[in-house]
Amino acid sequence: MVADLFRNLFSFLNRGWLPYLIVLGHMGAGTLLVYNLPRSNLAFLTLMTSFLSLYFFRTNLRFKLISGIVLTLVAIPVLGVRNIFYLEVIFQVSVFAALALGLNIVVGFAGLLDLGYVAFYAVGAYLWAFFGSQQFYVLHYAPGTQPSDLPFLLPGDTFYLFLLLGVIVAAITGLILGLPVLRVRGDYLAIVTLGFGEVIRVLANNLDKPLNFTNGPQGITPIQRPTMPDFAVEWFNGLFGPLIGHPVSSANMYNLMFYLMALFVIVVIIFVTKRLDDSALGRAWTAVREDETAALAQGIPLVKVKLLAFAVGASFAGIMGVLLAASRTFISPESFSFMQSIGVLAMVILGGSGSIPGVILGAATITILNLQVLQGFSLYLNELRQSDAVIPIINFAWKDLSTQLDPAKYQRMLFGLILILMMIFRPAGLIPAKRRERDLSKYQSP
Amino acid sequence: MKGIQRYVNVTEIVRPIGHLLAFSVGSAALMSAIVIVLALILDRTVVGADLMDRYNVSLYTYTMINLPQVVIDGLTIGFVYAAIALGYTMVYGVLEFINFAHSEIFAVGAFVGVELLIALDATGVLAGATLGMAYAYLIMALLAGMLAAGGLAMAVERVAYRPLRGASRLVPLISAIGVSFLLQDLIRLVESLTTGQFNRIMPTFGNFDQRIILGKLNMGASNITLGISIKSIIVIAAAVLMLVALNYLVNATRIGKAMRAVAQDRGTASLMGINVNRIISITFLVGGLLGGAAGVLFALKFTRIDPFVGFFPGLKAFTAAVLGGIGNLTGALLGGLVLGMLETFAGSFMGVFTMGAAGSEYKDIFAFSILILVLIFRPQGLMGKHVGQKA
């Protein structure tokens, strides 16, 4: 009933010039709101959801492309530099979107549940962390005892080479890990990959002896940032300075640069994913996902096809790991816990496994929930704690609330709820993959 | 005697105890032999020389002195793993489904038991309790933990797994992972709202912390006392009791027969008049009861618990279940013992054997490596029969 009403309204709005007006209006409103109210979460959400209306309303492809480019390359950089926190949120969204797209290949396309996916992310991150820092000269010191005047091993320029190396090394790691485990059946594979993920984390934690490779739980810092061309800051200030209202420092410029790089990587990943999905390999993945035995009978080399899925998925995580290490200038094993793997899995499941726009939507939703909603709730609780407010009926003073209750740390609950609810009510995700829509229909009727 | 035998199937009680004895002795002997041989070999190399330099003791002597205590510790931890592994293996046997949330059900059991004891401790009963009463309180905590965990397991099955029955294999597994994460934070939420902190310490009472000295060993210049704490004995005894009871339930009662029927063929079982949903519920209940008991025992042995306490024991118990052959109760037992032994031996001797390069911090990896090796070379486990994948 409500759904019908909604569908009718949507198709009514989708006629003639109306969708163009709506999309432009939404984008304009979002941009103006964020420009004028840089601290408002609601304004930020308006801006972010304009991507959704851009995706859903029926406009022609050229309009979509141009609007998307204006939004991502002009509006967001300008607005983001005005409030660097948003740029950080968007950067995180892009990092997780790339991870989710990578996991999507493994889980969504090939149907292999990988619970240790961040291991590859860690491989990429530690790769640059080791070569792009002083760690090489720290090899013979115990953590914390090294002299302070050590040089960096490689100059910042080599970062760009390491983006490529990250892809290759992570893909090789994917092959090495995949080779022994891929003969294992579906649900076992999940647990084994979980084990591998933990192995990588434990190694990162403990490879500070006999030779200090990873600096143990303290993590590696400082890690070099890539060199930025000198003219970039001047050029950007000259072009956008009047709009932003203040000159941009080079530190903020770095945030912008990493955002653009992440965006670039995502565009490449989307392109690769789309091409793969339409290729013979993509069809082989689908076949393996739907029925392994039948796929084998059709002459699909199971292990090879699965290995390729593992390697491709891993390579996406590898390049993002390199990017993460450079942008944070600090990494520690903590960032590569099992929870992160499940977080990425939750993004894939929420958005719709196998569906590219779905997975990106899932990544954006969960990251924003994580960084803004949960943390906003935490701040709100803290304010309540400091006030004299009392819950009326049960007569509970807010300041008696335990300080251990910090919603920002309840990501597990968020991930858990998303996984359970999606599996029960909408296993195909928010934006189901086109092909999956057909496949899952048999589960809809009991 | 004949009269009893008509009602009680004695063989089903004696058999698992026999298995237990054989497995314990066997795994202990095997591991000891390996370690002793390794020690004898390494004694001639730089490793032995290094140890001689630092502590003036040969590697062989060092190994022999530590060995009995390591065996005892390995047995204790092995029984804990075996008790948790039973929960996994039972559910897997009946549903072919990895109950990922079992580790949190275990944690809930631990928390309920420990909270009950903490509450009792606050009233002051525990401190002044006689020995008999102390054991009564412990049994009370065990029962509370078991009931809470059993009820929770049933509820989880009803809410999060039953609607997904019939979907592809990965769907309920993902849901189970979700339940596991949700429960971890729910425990944390409830604990921080009610007590203000989520690290809980088991109160000390009774004589559980005392050690029974089994003997003194003199080896060269050093001597070492060999002992076992009373709580380890309790853990072992309780685990044995659980194993025997479960084995009896599955192999010698009507409910057990129904369970085995459901495990073999759900459709046919329901045609034979078995209420499949009820049997699956009972399976989860029993798994939860065992998990809860294991949780309280774990808290007794290791004293400190937090909401994430279930994760690693859960994973290792799963490894144990796979190692023994998942779906096979005796196999879970064997797997638990072998894994407990391996882990304790690795934790105690790896550091010395590798000259400190890789010590006990790698013992968690050890379990995973075993899991991976078993799955590659013998996916049906040590005792499992090879079965094709059910459609």
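Heads up, residue numbers simply count up from 1 along the chain you see.
Glycine is treated like the rest: Cβ placed from N, Cα and C.
Because TrEMBL annotations are produced automatically, they should be read as predictions rather than curated entries.
The transmembrane segment annotation in TrEMBL covers A:17-35 (among others). Distant neighbours of the transmembrane segment (A:17-35): 42-44, 46-50, 53-54, 57-59, 63, 67, 71, 75, 78-79, 82-83, 86; these residues of the same chain sit at least 6 beyond its ends, with a Cβ under 8 Å from one of its Cβ atoms.
According to TrEMBL, the transmembrane segment annotation covers A:41-58 (among others). Residues 10, 13-14, 19, 22-23, 26-27, 29-31, 33-34, 64, 67-68, 71, 75-76, 79, 86, 89, 357, 361, 364, 368, 372, 376 of the same chain sit 6 or more residues outside the transmembrane segment (A:41-58) yet have a Cβ under 8 Å from a Cβ within it.
What TrEMBL lists as transmembrane segment is A:65-85 (among others).
The transmembrane segment annotation in TrEMBL covers A:91-113 (among others).
Counting residues 6+ beyond its ends, the transmembrane segment (A:120-139) has Cβ neighbours under 8 Å at 99, 102, 146, 150-154, 156, 158-159, 162, 165-166, 169-170, 173-174, 200-201, 204, 211-215, 220-224, 313-315, 317-322, 324-326, 331, 333, 335-336, 340 in the same chain. Per TrEMBL, transmembrane segment is recorded for A:120-139 (among others).
The feature transmembrane segment is assigned by TrEMBL to A:159-182 (among others). Counting same-chain residues at least six beyond the ends of the transmembrane segment (A:159-182), those with a Cβ under 8 angstroms from any Cβ of the stretch are 112, 119-120, 123-124, 127-128, 131-132, 189, 192-193, 196, 224-227, 302-303, 306-307, 310-315, 317-319, 321-323, 326.
What TrEMBL lists as transmembrane segment is A:256-273 (among others).
Here TrEMBL flags A:307-331 (among others) as transmembrane segment.
The transmembrane segment annotation in TrEMBL covers A:343-369 (among others). Sequence-distant contacts of the transmembrane segment (A:343-369) (same chain, six or more residues past either end, CB-CB distance under 8 Å): 45, 48, 51-52, 55, 89, 92-93, 96-97, 99-101, 103-104, 107-109, 113, 115, 117-118, 266, 270, 273-274, 277, 411, 414-415, 418-419, 422-423, 428-436.
Sequence-distant contacts of the transmembrane segment (A:413-433) (same chain, at least 6 residues past either end, Cβ-Cβ under 8 Å): 108, 339, 342-343, 345-346, 348-355, 357-358, 361-362, 365-366, 369-370, 374, 440, 443. The transmembrane segment feature in TrEMBL is assigned to A:413-433 (among others).
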Report, as numbers and ranges, every residue of the chain located at least six residues beyond the transmembrane segment (A:91-113) whose Cβ falls under 8 Å of a Cβ in that stretch; write 'none' if there are none.
120-121, 182, 186-187, 189-190, 193, 255, 258-259, 262-263, 265-266, 269-270, 273, 276-277, 282, 285-286, 288-290, 305-306, 309-310, 312-317, 319-320, 323-324, 327, 343-345, 347-348, 351-356, 359-360, 362-364, 366-368, 371, 433
